[in-house]
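*Asks:* Just lifted these from TrEMBL, have a look:
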type    : residues                             : note
BINDING : 16-27, Leu56, Glu77, 121-122, Arg139 : S-adenosyl-L-methionine binding site
Amino acid sequence: TDAGSQKDRVVTKEEWLQKWETGNIGFHKEQVHPLLQKYLDVLLNGRSGLRIFFPLCGKAVEMKWLADMGHSIVGVEVSEQAVKEFFTEHSLPYIEEPVPEISGAKMFQSASGNISLYCCSIYDLSSSTVGKFDGVWDRGALVAVNPQDRQRYVSLMITLMEKKSSYLLVTVSYDPNKHKGPPFYVPESEIKSLFG
Ligand code: SAH
């Protein structure tokens, strides 16, 4: 297969915001992802009370599911609508505050303090703002990043990981000549070279 047909495709922030505004969010699922259930033990690796990162989080229901297990969740999402829908759909009261080190960014945090969602671009984050994580759930994230930004994305993710951290990545496999993405097709060979 030839992933070359997608390499120049760019989805802008405005296009993502529009998807949320028009409800064009077929990627959002109401049920916890079966692969997270299947590989939960790999993510946790016997540990409890982890800090778990959700890049490009949307309103993923898995954030609530893992928070209810006692983990603390940090997500990042450009759409404020998505972030607000997450809290309201789970009936979670939240507070909203500016993020002094990132201009224009806001942080939404559950009143209980265990779910913090940054509303900004992931490229605005660094470990000095969000710290490092024991685990990452990457579903609809690497595959949603513009193909030309993949290396930047992965390099950033690596800086956000603790030494003993687990990273669960979900990708999709299909003929990239038949669908323009997102989700983009990221060949396994590229995943290996990106993460090293
Ligand atoms: N991971 C989620 C959402 C996947 S869709 C899930 O499993 O349901 C990808 C999401 O990334 C969209 O909600 C989009 O608004 C958001 N997004 C796209 N580019 C982004 C960026 N640079 N920084 C943060 N969020 C981004």
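Backbone N, Cα and C define each Cβ position, glycine as well.
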*Asks:* Near ligand 1, which of the binding-site residues Trp16, Lys19, Thr22, Ile25, Leu56, Ile122 have CB less than 6 Å from any of its atoms?
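*Replies:* Result: Trp16, Leu56, Ile122.
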*Asks:* Around the Cβ of Thr22 (S-adenosyl-L-methionine binding site), how many other Cβ atoms lie within 10 Å? Please give the count over every shown protein chain.
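*Replies:* So the Cβ neighbour count for Thr22 (S-adenosyl-L-methionine binding site) comes to 8.
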*Asks:* Using the structure shown, find which entry in Ile25, Leu56, Ile122 (the binding-site residues) has the sparsest Cβ neighbourhood within 10 Å.
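*Replies:* Candidates: the binding-site residues Ile25, Leu56, Ile122. Fewest Cβ atoms within 10 Å: Ile25.
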*Asks:* How would DSSP class Leu56 (S-adenosyl-L-methionine binding site) in three states?
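*Replies:* In the DSSP reduction, Leu56 (S-adenosyl-L-methionine binding site) maps to coil.
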*Asks:* Across all the protein chains here, work out how many other Cβ atoms are within 10 Å of the Cβ of Trp16 (S-adenosyl-L-methionine binding site).
*Replies:* 20
